[in-house]
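S.K.: So TrEMBL has the following annotated:
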- 35-57: transmembrane segment (TRANSMEM)
- 239-259: transmembrane segment (TRANSMEM)
- 266-284: transmembrane segment (TRANSMEM)
- 322-343: transmembrane segment (TRANSMEM)
- 364-387: transmembrane segment (TRANSMEM)
- 460-487: transmembrane segment (TRANSMEM)
- 508-530: transmembrane segment (TRANSMEM)
- 542-559: transmembrane segment (TRANSMEM)
- 608-629: transmembrane segment (TRANSMEM)
- 645-665: transmembrane segment (TRANSMEM)
């Protein structure tokens, strides 16, 4: 079916807009849209502020920052008796069977704040024997006893019963501000201070393996802490050069955009062939490394045999590593070449759109800096959510529970009052029991629903974040639509198009943007819950449940991608016509369906070309950083800082460069999407006659008409 000029025909999907001689781009005489959703959004924001205020009133982040002793006092808090005692010490760590119990302060033993961890093996029995001839034994041991206890002659049985002092101390080191045994593996044997056995203070000889069982998994955490310290040191010594790398990536991105305005075709073909050449060089280099390692001793060891290593250079000595790199790069190379072969005729159209987009950005340069506003708003949202979550998690008063080493004590884990506990019958029925701090909480309505409030905090956070992103998309779309619908460019472009578009979006369409953001937020919220359930059910053996959960995750992932795509185009239509969200989404959907082939090819080709640009910028800056941090640039070898892991600043520069390029090219992507929808509207509204002229540039129209004619010839043949 041929389309009459001017767009006066009934399409199979929706009805195109009829010609409006007064239409001159984004509608300025607007009314507020989706008012109900706007009101709800404002009420939710006010409620979110109230939630944060209540959380700040009840919460205390010191409960998260500082460990707490058995009396509910913070270790290391300034202005308290524990100001110089920042480390938590466990009287009998053997009673703690799980490291998570230790970290959550649920260990059934007395916990005290100390200034330093023990550095030697000792028992209270040995101390009492040696104290009679040397007072220094008691002076050292009593710093791990209860404050104010100074009776070294008290019978051992009474001391251990009342838990005045620990029955033993072992060499320890602080981790997470808690004293844990200083495990060291020597020649495959687990030791503590070069010993494999120790006295437990009750007259028994124990193996250090018992300490390991009591603190299972702590050794790996300590190793992780050491790696973290080294990474922090690398950042501290290389932050200046990382910053220089990020500045270089920003300048390269700006230069790339400026060059794109004048030489989009040549530049993007250079990008395409540059990426192909770079990946081809990577394949050759991987093959060369693989060939050179053949025949060398220990090079044929597999990655699974050596396991995880913090020094990545170990993997580079394996031929399997280079083989994996070579195969991966070959697959990437094949995919790029095949994509270019199949869409070669559409690349010219994508380049024409990018040229027009570069012209639009050249006329509205302020759009390049709008992502900074979005970034600041998102940073504010994330900070508010994180602080509110911490205060909610730390809400509550100190809860004390009965802790007893007797297995048949019926009062164990019951709440108690430390001030009246000594006068209760519990101490008589369960000798040695204590009223010990357990956790922070409460029985009020607020404390019972803290988990629900955390979920509300997460949902509103997602809503506000998506609204911020939607506001940015609608603002940029309105500015670029003002450019497209100007018959004479740039003379007819209104003054301050970006500021005007931002004002229109915020004044008239807050409800519509909030509506679209809410739909997306609910889907993302469900996805987070599914991920949480999947994490909790990793050890489950019900195959059907795991399969169902996997299907749900896949479906909601696809749904989220679709909603993001539709929201983006709906916001473009909102910025042009000022309709509500549902009407704009419907118009955008039918418009895209009437141009489905152009959408499927042009949009993805454009995304592909922009992705190649991001890849080239981050890759080129990454290669420069690699040669710098590995001291392969002779001119500035002396300036390279000494690093534990050179990949720490290298990966930071690569990731940061990609994100910077992504921020700039996101503006381009929004520009191209807006121009594409405007072009489709232009074709349906106008026919190129003097009374109904096209608003698109003549060059873009010629390319698209040639493509359509070529497609018709192929269809006829």
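Every residue gets a Cβ built from N, Cα and C, even glycine.
Please treat TrEMBL annotations as automatic predictions, because they have not gone through curation.
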S.K.: Please report, as numbers and ranges, the same-chain residues at least 6 past the borders of the transmembrane segment (239-259) whose CB is under 8 Å from any CB of it.
M.R.: 267, 358, 361, 368, 613, 617-618, 620-621, 624-625, 628-629, 640-641, 649, 652-653, 656-657, 660-661, 664-665, 668
S.K.: When you scan the chain for residues with a C-beta under 8 Å from the transmembrane segment (608-629), skipping those not six or more beyond its ends, what do you find?
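M.R.: Non-local partners: 238, 241, 245, 248-249, 252-253, 256, 268, 271-272, 274-275, 278, 339, 347, 350-351, 354, 636, 640, 643, 646, 649-650, 653-655, 657-658, 661-662, 665, 668-669.
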S.K.: Under 8 Å between C-beta atoms and at least six residues away from its ends: which parts of the chain pack against the transmembrane segment (266-284)?
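M.R.: Sequence-remote neighbours of the transmembrane segment (266-284) are 256, 259-260, 325-326, 329-330, 332-333, 336-337, 340, 347, 351, 354, 609, 612-613, 615-616, 619.
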S.K.: Where among 35-57, 322-343, 364-387, 460-487, 542-559 do we find the most Cβ pairs under 8 Å to the transmembrane segment (508-530)?
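M.R.: Ranking 35-57, 322-343, 364-387, 460-487, 542-559 by Cβ pairs under 8 Å to the transmembrane segment (508-530) puts 460-487 first.
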S.K.: Looking only at the recorded stretches 322-343, 364-387, 460-487, 542-559, which one has the largest tally of CB-CB distances under 8 Å to the transmembrane segment (35-57)?
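M.R.: It is 460-487, which has the most Cβ pairs under 8 Å.
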S.K.: Would you mind listing the long-range same-chain contacts of the transmembrane segment (322-343), meaning Cβ under 8 Å and 6+ residues beyond its ends?
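M.R.: Hits for the transmembrane segment (322-343): 272, 275-276, 279-280, 282-283, 286-287, 289-290, 293, 316, 601, 605, 608.
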